[in-house]
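Engineer: Take this structure, written in C-alpha coordinates, and hold onto it; I'll ask about it next.
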Amino acid sequence: MSTRYLSGSAVALVTPFKKDMTVDTDALRRLVQFQIAAGTDIIIPCGTTGESPTLSEDEQFDIIRIVKDEVDGKALVAAGAGTNSTPHAVALAKNAVKAGASLLLSVAPYYNKPSQEGIYQHYRHIAEAVTVPIIIYNVPGRTGCNVAASTILRLARDFENIAAVKEATENMSQISELLEERPDHFSVLTGEDSLILPFMAMGGDGVISVAANQIPSQIKQLVEAARLGDLEEARRINRRYRKLLKLNFIESNPVPVKYALSRMGMIEENYRLPLVPLSAENKLLIDQELESLGLI
(Lines of atoms letter the chains of each structure in order from A and count residues from 1; the text may use other names and numbers.)
(Lines give C-alpha, C1' and ligand atoms only; values in the text may rest on other atoms or scores of the structure.)
Protein backbone atom coordinates (compact mmCIF):
# COMPACT_ATOMS: atom_id res chain seq x y z
CA MET A 1 0.00 0.00 0.00
CA SER A 2 2.12 2.85 -1.26
CA THR A 3 -0.72 5.36 -1.41
CA ARG A 4 -3.33 6.47 1.12
CA TYR A 5 -6.73 5.00 0.32
CA LEU A 6 -8.81 5.07 3.52
CA SER A 7 -10.85 8.23 3.41
CA GLY A 8 -14.36 9.63 3.37
CA SER A 9 -17.34 8.62 5.47
CA ALA A 10 -17.32 5.40 7.50
CA VAL A 11 -20.15 4.20 9.72
CA ALA A 12 -19.62 2.51 13.07
CA LEU A 13 -22.58 0.19 12.55
CA VAL A 14 -24.99 -0.74 15.34
CA THR A 15 -25.88 -4.37 15.96
CA PRO A 16 -29.68 -4.83 15.93
CA PHE A 17 -31.10 -7.38 18.37
CA LYS A 18 -34.46 -9.09 18.59
CA LYS A 19 -36.40 -9.21 21.86
CA ASP A 20 -34.81 -12.60 22.62
CA MET A 21 -31.39 -10.87 22.26
CA THR A 22 -30.35 -12.79 19.17
CA VAL A 23 -28.93 -10.78 16.29
CA ASP A 24 -31.67 -9.45 14.00
CA THR A 25 -30.11 -10.40 10.68
CA ASP A 26 -32.97 -8.98 8.60
CA ALA A 27 -32.59 -5.59 10.26
CA LEU A 28 -28.81 -5.83 9.84
CA ARG A 29 -29.21 -6.28 6.10
CA ARG A 30 -31.57 -3.30 5.95
CA LEU A 31 -29.07 -1.13 7.80
CA VAL A 32 -26.33 -2.07 5.35
CA GLN A 33 -28.54 -1.27 2.36
CA PHE A 34 -29.35 2.11 3.93
CA GLN A 35 -25.61 2.82 4.05
CA ILE A 36 -24.97 1.63 0.50
CA ALA A 37 -27.78 3.84 -0.83
CA ALA A 38 -26.19 6.83 0.94
CA GLY A 39 -22.76 6.20 -0.56
CA THR A 40 -20.99 5.40 2.70
CA ASP A 41 -17.38 4.50 1.92
CA ILE A 42 -16.58 2.09 4.76
CA ILE A 43 -18.96 -0.01 6.87
CA ILE A 44 -17.66 -1.15 10.24
CA PRO A 45 -19.57 -3.85 12.14
CA CYS A 46 -18.58 -5.24 15.54
CA GLY A 47 -17.03 -2.09 16.96
CA THR A 48 -17.92 -0.13 20.07
CA THR A 49 -21.18 1.08 18.51
CA GLY A 50 -21.89 -2.53 17.53
CA GLU A 51 -21.74 -3.65 21.19
CA SER A 52 -18.77 -5.89 20.39
CA PRO A 53 -17.98 -6.78 24.04
CA THR A 54 -21.34 -8.58 24.20
CA LEU A 55 -20.89 -10.54 20.95
CA SER A 56 -19.48 -14.05 20.82
CA GLU A 57 -16.80 -14.85 18.24
CA ASP A 58 -19.34 -16.91 16.28
CA GLU A 59 -21.76 -13.97 16.28
CA GLN A 60 -19.02 -11.62 15.14
CA PHE A 61 -18.11 -14.00 12.32
CA ASP A 62 -21.73 -14.23 11.17
CA ILE A 63 -22.28 -10.44 11.36
CA ILE A 64 -19.16 -9.71 9.32
CA ARG A 65 -20.12 -12.35 6.78
CA ILE A 66 -23.63 -10.91 6.40
CA VAL A 67 -22.34 -7.35 6.05
CA LYS A 68 -19.75 -8.46 3.48
CA ASP A 69 -22.42 -10.33 1.52
CA GLU A 70 -24.85 -7.41 1.61
CA VAL A 71 -22.21 -4.83 0.66
CA ASP A 72 -21.33 -6.87 -2.43
CA GLY A 73 -18.26 -4.82 -3.25
CA LYS A 74 -19.99 -1.43 -3.03
CA ALA A 75 -18.01 -0.32 0.05
CA LEU A 76 -15.11 -1.48 2.18
CA VAL A 77 -15.92 -3.67 5.18
CA ALA A 78 -13.73 -2.97 8.21
CA ALA A 79 -14.48 -5.25 11.13
CA GLY A 80 -13.98 -4.35 14.75
CA ALA A 81 -11.57 -7.00 16.02
CA GLY A 82 -9.70 -5.96 19.12
CA THR A 83 -9.38 -6.69 22.81
CA ASN A 84 -6.90 -6.26 25.66
CA SER A 85 -5.29 -9.71 25.41
CA THR A 86 -2.82 -9.71 22.53
CA PRO A 87 -3.23 -13.42 21.61
CA HIS A 88 -7.01 -13.03 21.72
CA ALA A 89 -6.80 -9.86 19.60
CA VAL A 90 -4.77 -11.81 17.03
CA ALA A 91 -7.40 -14.57 17.05
CA LEU A 92 -10.21 -12.04 16.58
CA ALA A 93 -8.30 -10.46 13.70
CA LYS A 94 -7.89 -13.81 11.96
CA ASN A 95 -11.56 -14.63 12.58
CA ALA A 96 -12.65 -11.33 11.01
CA VAL A 97 -10.46 -11.84 7.95
CA LYS A 98 -11.82 -15.37 7.54
CA ALA A 99 -15.35 -13.94 7.67
CA GLY A 100 -14.52 -11.58 4.81
CA ALA A 101 -13.35 -8.31 6.36
CA SER A 102 -11.37 -6.13 3.95
CA LEU A 103 -9.61 -4.42 6.85
CA LEU A 104 -9.62 -4.35 10.63
CA LEU A 105 -10.38 -1.81 13.35
CA SER A 106 -8.37 -2.82 16.41
CA VAL A 107 -8.95 -1.01 19.69
CA ALA A 108 -6.00 -0.13 21.91
CA PRO A 109 -5.61 -2.59 24.80
CA TYR A 110 -7.80 -1.35 27.65
CA TYR A 111 -7.80 -1.85 31.42
CA ASN A 112 -4.26 -3.35 31.49
CA LYS A 113 -2.74 0.16 31.26
CA PRO A 114 0.22 -0.92 29.10
CA SER A 115 3.23 1.28 28.42
CA GLN A 116 3.71 2.75 24.95
CA GLU A 117 6.15 -0.09 24.23
CA GLY A 118 3.48 -2.58 25.29
CA ILE A 119 0.98 -0.93 22.94
CA TYR A 120 3.54 -1.08 20.13
CA GLN A 121 4.18 -4.78 20.71
CA HIS A 122 0.43 -5.47 20.85
CA TYR A 123 -0.12 -3.99 17.40
CA ARG A 124 3.10 -5.51 16.06
CA HIS A 125 1.78 -9.00 16.77
CA ILE A 126 -1.52 -8.23 15.04
CA ALA A 127 0.19 -6.66 12.02
CA GLU A 128 2.46 -9.67 11.63
CA ALA A 129 -0.46 -12.12 11.92
CA VAL A 130 -2.63 -10.72 9.08
CA THR A 131 -2.01 -9.06 5.74
CA VAL A 132 -5.11 -6.85 5.54
CA PRO A 133 -4.91 -3.14 6.46
CA ILE A 134 -5.33 -2.32 10.15
CA ILE A 135 -6.86 0.81 11.67
CA ILE A 136 -5.53 1.63 15.13
CA TYR A 137 -8.46 2.67 17.33
CA ASN A 138 -7.36 5.24 19.89
CA VAL A 139 -10.19 6.01 22.30
CA PRO A 140 -8.62 6.87 25.67
CA GLY A 141 -11.98 7.85 27.16
CA ARG A 142 -12.91 4.17 27.07
CA THR A 143 -9.56 2.37 27.23
CA GLY A 144 -7.88 4.37 29.97
CA CYS A 145 -4.72 4.84 27.92
CA ASN A 146 -3.74 7.12 25.07
CA VAL A 147 -1.81 5.74 22.11
CA ALA A 148 0.76 8.51 21.76
CA ALA A 149 1.36 10.08 18.37
CA SER A 150 4.94 8.84 18.50
CA THR A 151 3.73 5.24 18.95
CA ILE A 152 1.18 5.52 16.15
CA LEU A 153 3.78 6.98 13.80
CA ARG A 154 6.32 4.31 14.74
CA LEU A 155 3.81 1.58 13.93
CA ALA A 156 2.84 3.26 10.65
CA ARG A 157 6.48 3.46 9.57
CA ASP A 158 7.36 -0.08 10.64
CA PHE A 159 4.35 -1.92 9.20
CA GLU A 160 2.84 -1.16 5.82
CA ASN A 161 -0.47 -2.77 6.79
CA ILE A 162 -0.87 -0.36 9.72
CA ALA A 163 -2.94 1.82 7.41
CA ALA A 164 -4.81 4.33 9.56
CA VAL A 165 -5.80 5.56 12.98
CA LYS A 166 -9.27 6.30 14.28
CA GLU A 167 -8.46 9.17 16.61
CA ALA A 168 -11.47 9.34 18.94
CA THR A 169 -10.14 12.23 20.98
CA GLU A 170 -10.34 16.00 21.07
CA ASN A 171 -6.55 16.24 21.38
CA MET A 172 -5.94 18.65 18.52
CA SER A 173 -2.22 18.81 19.25
CA GLN A 174 -1.89 15.04 18.79
CA ILE A 175 -4.09 15.13 15.68
CA SER A 176 -1.93 17.90 14.22
CA GLU A 177 1.26 15.91 14.87
CA LEU A 178 -0.20 12.83 13.19
CA LEU A 179 -1.31 14.79 10.13
CA GLU A 180 2.04 16.54 9.78
CA GLU A 181 4.35 13.58 10.43
CA ARG A 182 2.53 10.57 8.95
CA PRO A 183 3.98 8.47 6.13
CA ASP A 184 2.35 8.69 2.71
CA HIS A 185 0.25 5.51 3.03
CA PHE A 186 -1.23 6.37 6.44
CA SER A 187 -4.73 7.81 6.92
CA VAL A 188 -5.96 9.78 9.91
CA LEU A 189 -9.69 9.53 10.63
CA THR A 190 -11.61 11.23 13.40
CA GLY A 191 -13.93 9.26 15.64
CA GLU A 192 -15.66 12.42 16.87
CA ASP A 193 -18.68 13.50 14.81
CA SER A 194 -18.62 16.94 16.42
CA LEU A 195 -15.06 17.51 15.14
CA ILE A 196 -15.57 16.61 11.48
CA LEU A 197 -15.43 20.20 10.25
CA PRO A 198 -12.27 21.38 12.07
CA PHE A 199 -10.63 17.99 11.61
CA MET A 200 -11.11 18.03 7.85
CA ALA A 201 -9.94 21.65 7.71
CA MET A 202 -6.67 20.50 9.30
CA GLY A 203 -6.15 17.96 6.51
CA GLY A 204 -7.85 14.91 7.97
CA ASP A 205 -8.99 12.09 5.71
CA GLY A 206 -12.49 11.39 7.01
CA VAL A 207 -14.63 10.16 9.87
CA ILE A 208 -15.72 6.92 11.48
CA SER A 209 -19.15 8.12 12.50
CA VAL A 210 -21.90 7.16 14.91
CA ALA A 211 -24.36 9.66 13.42
CA ALA A 212 -23.93 8.04 10.01
CA ASN A 213 -26.24 5.31 11.33
CA GLN A 214 -29.06 7.88 11.27
CA ILE A 215 -27.96 10.38 8.62
CA PRO A 216 -25.42 8.69 6.34
CA SER A 217 -26.05 10.92 3.33
CA GLN A 218 -25.60 14.07 5.38
CA ILE A 219 -22.38 12.87 7.03
CA LYS A 220 -21.04 11.94 3.60
CA GLN A 221 -21.98 15.41 2.30
CA LEU A 222 -20.34 17.12 5.28
CA VAL A 223 -17.08 15.23 4.78
CA GLU A 224 -17.07 15.90 1.04
CA ALA A 225 -17.84 19.59 1.40
CA ALA A 226 -15.05 20.02 3.92
CA ARG A 227 -12.64 17.99 1.80
CA LEU A 228 -13.36 20.15 -1.25
CA GLY A 229 -12.95 23.36 0.74
CA ASP A 230 -16.61 24.35 0.53
CA LEU A 231 -16.65 25.58 4.10
CA GLU A 232 -19.94 27.45 3.73
CA GLU A 233 -21.75 24.23 2.81
CA ALA A 234 -19.88 22.25 5.44
CA ARG A 235 -20.84 24.79 8.11
CA ARG A 236 -24.47 24.69 6.97
CA ILE A 237 -24.65 20.91 7.34
CA ASN A 238 -22.76 20.95 10.62
CA ARG A 239 -25.04 23.65 12.02
CA ARG A 240 -28.20 21.77 11.08
CA TYR A 241 -27.15 18.48 12.69
CA ARG A 242 -24.98 19.75 15.55
CA LYS A 243 -27.59 19.08 18.23
CA LEU A 244 -28.24 15.53 17.01
CA LEU A 245 -24.51 14.78 17.07
CA LYS A 246 -24.44 15.91 20.70
CA LEU A 247 -27.59 14.00 21.68
CA ASN A 248 -26.08 10.77 20.35
CA PHE A 249 -23.83 10.85 23.41
CA ILE A 250 -26.33 12.04 26.01
CA GLU A 251 -25.95 8.55 27.49
CA SER A 252 -23.45 5.81 26.68
CA ASN A 253 -23.04 5.03 22.99
CA PRO A 254 -24.78 3.20 21.30
CA VAL A 255 -27.89 3.57 23.45
CA PRO A 256 -29.04 6.96 22.08
CA VAL A 257 -28.39 6.13 18.43
CA LYS A 258 -30.16 2.77 18.71
CA TYR A 259 -33.15 4.46 20.31
CA ALA A 260 -33.21 6.97 17.44
CA LEU A 261 -33.03 4.18 14.86
CA SER A 262 -35.93 2.42 16.56
CA ARG A 263 -37.99 5.62 16.34
CA MET A 264 -37.04 5.86 12.66
CA GLY A 265 -38.50 2.36 12.17
CA MET A 266 -35.20 0.71 11.29
CA ILE A 267 -34.55 -1.57 14.27
CA GLU A 268 -36.13 -2.76 17.50
CA GLU A 269 -34.90 -0.99 20.61
CA ASN A 270 -33.01 -3.81 22.30
CA TYR A 271 -29.66 -3.75 24.09
CA ARG A 272 -27.52 -6.39 25.70
CA LEU A 273 -26.65 -5.86 29.34
CA PRO A 274 -24.99 -4.02 30.90
CA LEU A 275 -26.47 -1.43 28.51
CA VAL A 276 -30.04 -0.44 29.32
CA PRO A 277 -32.64 1.79 27.60
CA LEU A 278 -32.51 5.57 27.69
CA SER A 279 -34.22 7.50 30.44
CA ALA A 280 -37.67 8.84 29.58
CA GLU A 281 -36.32 12.39 29.78
CA ASN A 282 -33.59 11.73 27.23
CA LYS A 283 -35.95 9.84 24.94
CA LEU A 284 -38.10 12.96 24.80
CA LEU A 285 -35.10 15.13 23.87
CA ILE A 286 -34.15 12.80 21.03
CA ASP A 287 -37.75 12.55 19.83
CA GLN A 288 -37.98 16.33 19.66
CA GLU A 289 -34.77 16.61 17.64
CA LEU A 290 -35.70 13.80 15.25
CA GLU A 291 -39.05 15.51 14.64
CA SER A 292 -37.33 18.86 14.13
CA LEU A 293 -35.07 17.32 11.48
CA GLY A 294 -37.91 15.48 9.76
CA LEU A 295 -36.42 12.07 10.54
CA ILE A 296 -39.62 10.80 12.16
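Positions of Cβ are set from backbone N, Cα and C atoms, glycine also.
Residues or ranges marked as active site, proton donor/acceptor in Swiss-Prot: Tyr137. The active site, schiff-base intermediate with substrate feature in Swiss-Prot is assigned to Lys166; the stated evidence is sequence analysis. Residues annotated as pyruvate binding site in Swiss-Prot, with sequence analysis given as evidence: Thr49, Ile208. Residues or ranges marked as site 'Part of a proton relay during catalysis' by Swiss-Prot: Thr48, Tyr111.
Thinking about packing and proximity, how do these listed features fit into the structure?
Structural biologist: Every protein chain considered, the tally of other Cβ atoms within 10 Å of the Cβ of Tyr137 (active site, proton donor/acceptor) stands at 28.
Taken residue by residue with DSSP, Lys166 (active site, schiff-base intermediate with substrate) is part of a strand. Within 10 Å of the C-beta of Lys166 (active site, schiff-base intermediate with substrate) there are 28 other C-beta atoms, taking all protein chains into account.
Around Ile208 (pyruvate binding site), a 10 Å sphere centred on its CB holds 28 further CB atoms from the protein chains shown.
For Thr48 (site 'Part of a proton relay during catalysis'), the same-chain residues that are 6 or more apart in sequence and have a Cβ closer than 8 Å to its Cβ are Ala12, Gly80, Val107, Val139, Arg142, Asn253, Pro254.
Taken residue by residue with DSSP, Tyr111 (site 'Part of a proton relay during catalysis') is part of neither helix nor strand, so it is coil.
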Engineer: Check each residue in the chain of Thr49 (pyruvate binding site) that is at least six apart in sequence and keep those whose C-beta is under 8 Å from its C-beta; list them in sequence order.
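Structural biologist: The list for Thr49 (pyruvate binding site) reads Ala12, Leu13, Val14, Val210, Asn213, Asn253, Pro254, Val257, given in order along the sequence.
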Engineer: Where does Ile208 (pyruvate binding site) sit in DSSP terms: helix, strand, or coil?
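Structural biologist: DSSP assigns Ile208 (pyruvate binding site) to strand.
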Engineer: Enter the number of other CB atoms within 10 angstroms of the CB of Tyr111 (site 'Part of a proton relay during catalysis').
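Structural biologist: 10, counting other Cβ atoms within 10 Å of Tyr111 (site 'Part of a proton relay during catalysis').
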Engineer: Between Tyr137 (active site, proton donor/acceptor) and Tyr111 (site 'Part of a proton relay during catalysis'), what C-alpha distance do you get in Å?
Structural biologist: 15
Engineer: Kindly assign Tyr137 (active site, proton donor/acceptor) to one of the three DSSP-derived states: helix, strand or coil.
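Structural biologist: In the DSSP reduction, Tyr137 (active site, proton donor/acceptor) maps to strand.
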